[in-house]
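J.: Sharing a structure, written as structure tokens. Questions coming.
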Amino acid sequence: MSRKYFGTDGIRGRVGEYPITPDFMLKLGWAAGMAFRKQGNCRVLVGKDTRISGYMFESALEAGLSAAGADVLLLGPMPTPAIAYLTRTFHAEAGIVISASHNPHDDNGIKFFSGQGTKLPDEIELMIEELLDQPMTVVDSSKLGKVSRINDAAGRYIEFCKSSVPTSTGFEGLKLVVDCAHGATYKVAPSVFRELGAEVTVLHAQPDGLNINENCGSTHIESLQAAVLVGHADLGIAFDGDGDRVLMVDHTGAIVDGDELLFIIARDLHERGKLQGGVVGTLMSNLGLELALKDLDIPFVRAKVGDRYVMAELLERGWLVGGENSGHVVCCNHTTTGDAIIAALQVLLALRRRGETLAQARQALRKCPQVLINVRFGASKVDPLEHPAVKEASARVTEDMAGRGRVLLRKSGTEPLVRVMVEGDDENQVRTHAEALAKLVAEVCV
């Protein structure tokens, strides 16, 4: 059965445009509450990032859940992985995140966690979708859900993050710049690193509801690069708006992406005999990551793009680490979902154990030139990926690369975009092919 509302990462869109409206969120809260109550008594955690519309949608979800008889625990602004963790530790039936991740403030969305802190099973998502098409009812007033607020949520999560670092290890003498993207990590991330001994300069930690991800964070890393250089910091850490993505900047100002961070973590586990299997990347992972892991005899597999698919592959194989070049990094030895703070801590630990700088550690992975171009296709009824001209051009490029690279065309799961990616050993050739393919995709979408 195809989904009407749920995409690869929940439900997302422009605030005020269906389904990102208060009336839909009320109905969604009710439908979710009814679905979760079928599992027994129901308690649901609700958290959000810092965008202004989160208050409106929090109230709507709260009302819908209560109408279905579900008790609601409000967390306030918290990183997405914190909501997964707290859902687990409170033994709740589910957790709900109000966030549009790295998108601007005028977008918002909803995603769910199961009681185990993992993405919601497909059958529960489908049950919620079916209930959304049914008339809304209200349980007897004696069975309405109660609502309360967890006032120590941030402190609980800070202590959890710190517990991933051995008590014998600290980060004294380490000079960090941390960019919180005016998002959900603005309180907890600086506290975690400072309490572990690091000297921390904080950027973009003054959310006003409108400035989340605005020219800051992991999608706009220029100000972090400048701050690292000006402050002579050892490295910089950039989070996205909901705290599930992380990128870094070394002391020279060079960007260290998710592929490189994943390699540093995996190599550290491998050297200590704790890797447990291999590494999961995605179709977008740089070929250089695959080759660097191969040099260490570490197995590597590619999942579909999206942290839920990385997580599913890890669970199926019983492996521990995986991630995306965008900065989603999953460490199953600590978490049940991508957690930017946990991933950053594991990188810092790996550097400490080896006595390396971040700039030195990233040299072990030689990335292949890769060009990614996003093409917006709007309301076009043409499927560009199935268009004969696009298929033929893609095949020609693959043939021209002669086994020295690869081509990937795919639709974004969260935005109306086609992502055109070409990768190979010749940067000029890669860019020429990517630009030609992107131009063709744009033409057939008109």
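Here the Cβ of each residue, glycine as well, is placed from N, Cα and C on the backbone.
Feature list, courtesy of Swiss-Prot:
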MOD_RES   Ser101  phosphoserine
BINDING   Ser101, Asp240, Asp242, Asp244  Mg(2+) binding site
ACT_SITE  Ser101  active site, phosphoserine intermediate
J.: For Asp244 (Mg(2+) binding site), which of the three DSSP-derived states applies: helix, strand, or coil?
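T.: Where Asp244 (Mg(2+) binding site) sits, the three-state DSSP reduction gives coil.
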J.: Between Asp244 (Mg(2+) binding site) and the residue listed as 'phosphoserine', what is the CA-CA distance rounded to a whole number of Å?
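T.: For Asp244 (Mg(2+) binding site) versus the residue listed as 'phosphoserine', the Cα atoms are 8 Å apart.
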J.: To the nearest whole angstrom, state the Cα distance for the pair Asp240 (Mg(2+) binding site) and Ser101 (phosphoserine).
T.: 7
J.: Take the Cβ of the residue listed as 'phosphoserine' and count every other Cβ within 10 Å, whichever protein chain it belongs to.
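T.: If we count other Cβ atoms within 10 Å of the residue listed as 'phosphoserine', we arrive at 29.
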J.: Taking the mean position of the Cβ atoms of Ser101, Asp240, Asp242, Asp244 as the Mg(2+) site, which residues outside that list, in the same chain, have a Cβ no more than 8 Å away, listed in sequence order?
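T.: Filtered neighbour residues, in order: Asp49, Pro79, Thr80, Ser99, His102, Gly183, Ala184, Phe239, Gly241, Gly243, Arg245, Ala340.
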J.: I'd like the number of other C-beta atoms within 10 A of the C-beta of Asp244 (Mg(2+) binding site), please.
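T.: Other Cβ atoms within 10 Å of Asp244 (Mg(2+) binding site): 32.
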J.: If I take the alpha carbons of Ser101 (phosphoserine) and Asp242 (Mg(2+) binding site), what is the distance between them in whole Å?
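T.: Ser101 (phosphoserine) and Asp242 (Mg(2+) binding site) have their Cα atoms 5 Å apart.
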